[in-house]
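First comes the structure, then the notes that go with it.
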Amino acid sequence: MRVIHTLAELREALAGQTNTAFVPTMGNLHEGHLSLVREAARLGGPVVVSIFVNRLQFLPHEDFDQYPRTLARDCELLAPAGCDIVFAPSEAELYPVKQTYKVTPPAGLADLLEGEFRPGFFTGVCTVVMKLFQCVQPAVAVFGQKDYQQLKVIKGMAEQFAMPVQVIGAPTVRADDGLALSSRNGYLGTDERLEAVALSKALQHLADAARDPKQTLAGMEAAAAEELRQRGWAPDYLTLRRRTDLLPPTDAERAAGEPLVALGAARLGATRLIDNLEL
Ligand code: PAF
């Protein structure tokens, strides 16, 4: 496995490749990331994993500075998972001049849920993913379904720009108690870590309630948020959406079996966690 820090070296290493599989990450890797790398490795071509903490997708008060940079440990995990090239550019390498050209995803998708609570987040994500795609020129890119809305936004970008890359989603990996693996779980104290599974439980309760036609959407969502609030969380949203466009389903659509997803984001102490559950 090679660790490459410059775009010139990356281009040279990948010259002539037409079946590269790519997994973009911000590092501080866990089993969830490694499952994406194994998925990429199954596809048969060279596997590139990028490690880059992307300033553009953080709000000023968010954890950009605090985000753990653990390159040496990440590389130890990546080699046995089937990674061939780690692309770990510096900020000066990826953004040699201020990145003023940006990719703005449609407000109807990107300004809701995560986009409502983290304005500009998906512009930052799309901009860096577009740029990383240009650097790596992959045939396939693998993203985690844990970031459900992100996966949808990136798939839309690749389609609408006719990018020659197939974007695929891989299932969320969970700890034994059901907590979705996330780099931010590392911020949790011992008691918080035990409590953290309550987010996926609240989403499960929301999904269960959705099967009851007598329950209103607003009532179910309020109950799920209250369940977490009672336990000391500060929920941003717990909501039931159509899988197709992440908009709320009508009662008729719920009754007709429209494919739905329960999505949640909530703060436990200083840590903001997200999760989702397809119904
Ligand atoms: O999901 C992430 O880790 C990031 O949003 C991504 C896709 C690597 C872009 O910085």
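Backbone N, Cα and C atoms are what each Cβ position is placed from, and that goes for glycine too.
Annotations in TrEMBL come from automatic prediction, not curation.
According to TrEMBL:
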- 26-33, 144-147, Val173, 181-184: ATP binding site (BINDING)
- His33: active site, proton donor (ACT_SITE)
- Gln57: beta-alanine binding site (BINDING)
- Gln57, Gln150: (R)-pantoate binding site (BINDING)
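Taking Cβ-Cβ distances under 8 Å and a sequence separation of 6 or more, the neighbours of Met26 (ATP binding site) in its chain are Ile51, Phe52, Val53, Asn54, Tyr67, Ser183. Using Cα positions, the member of the recorded positions Gly32, His33, Gln57, Val173 nearest to Gln150 ((R)-pantoate binding site) is identified as Gln57. Taking each of the binding-site residues Gln145, Gln150, Ser183 in turn and counting other Cβ atoms within 10 Å of its Cβ gives the largest count for Gln150.
For ligand 1, the neighbouring recorded positions among Met26, Gly32, His33 are Met26, by Cβ distance under 6 Å. Close to Val173 (ATP binding site) in the fold, though at least 6 residues off in sequence, lie His30, Glu31, Gly32, Ser35, Ala180, Leu181, each with a CB less than 8 Å from its CB. Between the C-alpha atoms of the residue listed as 'beta-alanine binding site' and Leu29 (ATP binding site), the distance comes to 18 Å. Cβ contacts within 10 Å of Gly32 (ATP binding site), excluding its own Cβ and spanning all protein chains shown: 22.
Per-site Cβ counts within 10 Å over the binding-site residues Leu29, Gln57 peak at Leu29. In the three-state DSSP scheme, Leu29 (ATP binding site) is classed as coil.
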